Amino acid sequence: MSSPTSHTADLVVFGGTGDLSMRKLLPALFHSDLEGRLAPETRIVAMSRGGLTDADFRGKVDAEVRAAVPDDGVAWQRFLGRLHHVSVDVGGEDKSGWSTVVRMLAGHEDRDRVFYLASPPMTFGPFCRELQEAGLVTPRSRVVLEKPLGRDLVSAQRINDEVGEIFDERQIFRIDHYLGKETVQNLLVLRFANAFLEPIWNSLWIDHVQITAAETVGTPGRRGYYDHAGALRDMVQNHLLQLLTLVAMEPPARNDRESIRDEKVKVLQSLRPIVGSEVDRFTVRGQYTGEGDMPSYLDEPASTPTTEASRRVETFTAIRAEVKNWRWAGVPFYLRTGKRMPYRRSEIVIQFKDVPHSIFPGGTPNRLVLRLQPEEGIELHIMAKEPGAGETMLKPVPLSLSFGKTFTARVPEAYERLLTDVLAGNPTLFMRRDEVEAAWRWIDPILAAWESSAELPEPYPAGTTGPAGAHELLGRSGRAWHEEEA
Ligand code: BG6
């Protein structure tokens, strides 16, 4: 089902010629255009230091993006016609670029103005200040902030304060692209539009939850960013904790902009802090070593030299988290993410408890698997009898919903959904300030303990499922990670 066409907007993308823009934002905007969700007059203005003309920028997009989208000559030419480029030196002395933006937007104050900051977080505050000094912030303006939002609680608060001086909270859209994924939204529908799950969605029935985001890619060319991020900041503080909140939240009163986010914040605030010596017990960090033709993290091609930070950074982490409330008391939430794992797979596994009394040999507890990628779908593993006249033999079999096979419509990319929501002014799938800060509040003590530890991350060979410690984390309570053939 396609959403209605949005208001006419000027979408200004700061970092508009960068990797995110080329790989995600522009293809998503093209799909929106193709499906009639962009108003005819909507313009897309890329801002960078690049010194490109509109024609240069259109040529670049034609060369780099066209192959990634459906080939439709007319629609593509119309899309290219929406694109503009302005060179602006944010934080620099030369303000002439801003005058060009002012001229370009003048007379269009009645349009929605969306400033998308696809740039490092330290630029968010200066960018917003310069926007305001240039007189570009109108009541119809919104600002979109890409993750990572800071590198700890203090820096996140500073960014939120700086941006908050210029924009109201209702105008700030903090993006976490995991929230735009179909299965993630489906999790809410599954939980709150079906009667049978809610009564068993608690510690009486659920043994534990696993949330995994495994990637096969390493970090070639990303050392500069990754050395100072690591898996905890890059994936857990945002994507994995967001998934955890959706699994653990109470039913919201309404599907509106604040009700869902109110419930998510309560989950983050209920996370039991992991502090001091507990960090060693409940968290694991690893770094991949070379294997076959896959280089080690330290040997990945990089534009910055290997430093002490490179040796200390985690490319894998696993954490045993707990949500301290009535519903989830005693149910561990295991979070795991890593680069250079044997498969690319993001999934949530709800592991139910065993039957109270088994009359058949060989049964295993039920399991619900929500697969975000590669193939989006939901599987409920139930026990069934293997056909045969002999002794009753049990076998776990999946009741399975594949979105690809069940729904013929194209599954939109996460950014497509989120950009559509930004243009429609709907912030439900975006992180509110208190959410981001509550997540950092829980992450900070783990970071502090790792940073003060003399130990380096545990090595794991590239192409494997992480260091031994990750398996021990579950193994010591008799549990195991949900692994399947890739
Ligand atoms: C990004 C991280 O937010 O998410 C990347 O910065 C990671 O390191 C990516 O590769 C994973 O996203 P997806 O949608 O491919 O799971």
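Cβ atoms here come from the backbone N, Cα and C positions, even for glycine.
The active site, proton acceptor annotation in TrEMBL covers His239. Less than 8 angstroms from the CB of His239 (active site, proton acceptor) sit Asp176, His177, Tyr178, Ala213, Thr337, each of them six or more residues away in the same chain.
Look at TrEMBL and you will find Arg49, Asp89, Val90, Lys147 tagged as NADP(+) binding site. DSSP assigns Val90 (NADP(+) binding site) to coil in the three-state reduction, placing it in neither a helix nor a strand.
The substrate binding site feature in TrEMBL is assigned to His177, Lys181, Glu215, Asp234, Lys339. Under the three-state DSSP scheme, Asp234 (substrate binding site) falls in the helix class. Shown in sequence order, Pro148, Tyr226 are the residues of the chain, 6+ apart in sequence, with a C-beta less than 8 angstroms from the C-beta of Asp234 (substrate binding site).
Among the features that TrEMBL reports, domain 'Glucose-6-phosphate dehydrogenase NAD-binding' is placed at 12-186.
Marked as domain 'Glucose-6-phosphate dehydrogenase C-terminal' by TrEMBL: 188-482.
What TrEMBL records for 458-486 is region 'Disordered'.
Checking the binding-site residues Arg49, Lys181, Asp234 against ligand 1, the ones with a C-beta less than 6 Å from an atom of that molecule are Asp234. Proximity of Asp89 (NADP(+) binding site) to non-local residues of its own chain (separation of 6 or more, Cβ distance below 8 Å) is seen for Arg49, Gly97, given in sequence order. As a whole number, the greatest separation of Cα atoms within the substrate-binding residue list His177, Lys181, Glu215, Asp234, Lys339 is 20 Å. Along the domain 'Glucose-6-phosphate dehydrogenase NAD-binding' (12-186), the predicted structure has mean pLDDT 94. In this structure, the CA atom of Lys181 (substrate binding site) is 16 Å away from the CA atom of Lys147 (NADP(+) binding site). Across the residues the record lists as binding NADP(+) (Arg49, Asp89, Val90, Lys147), the two Cα atoms farthest apart are 22 Å from each other. For Glu215 (substrate binding site), the Cβ neighbour count at a 10 Å cut-off comes to 20, with all displayed protein chains included. Using a 10 Å Cβ-Cβ cutoff, Arg49 (NADP(+) binding site) registers 13 neighbours.
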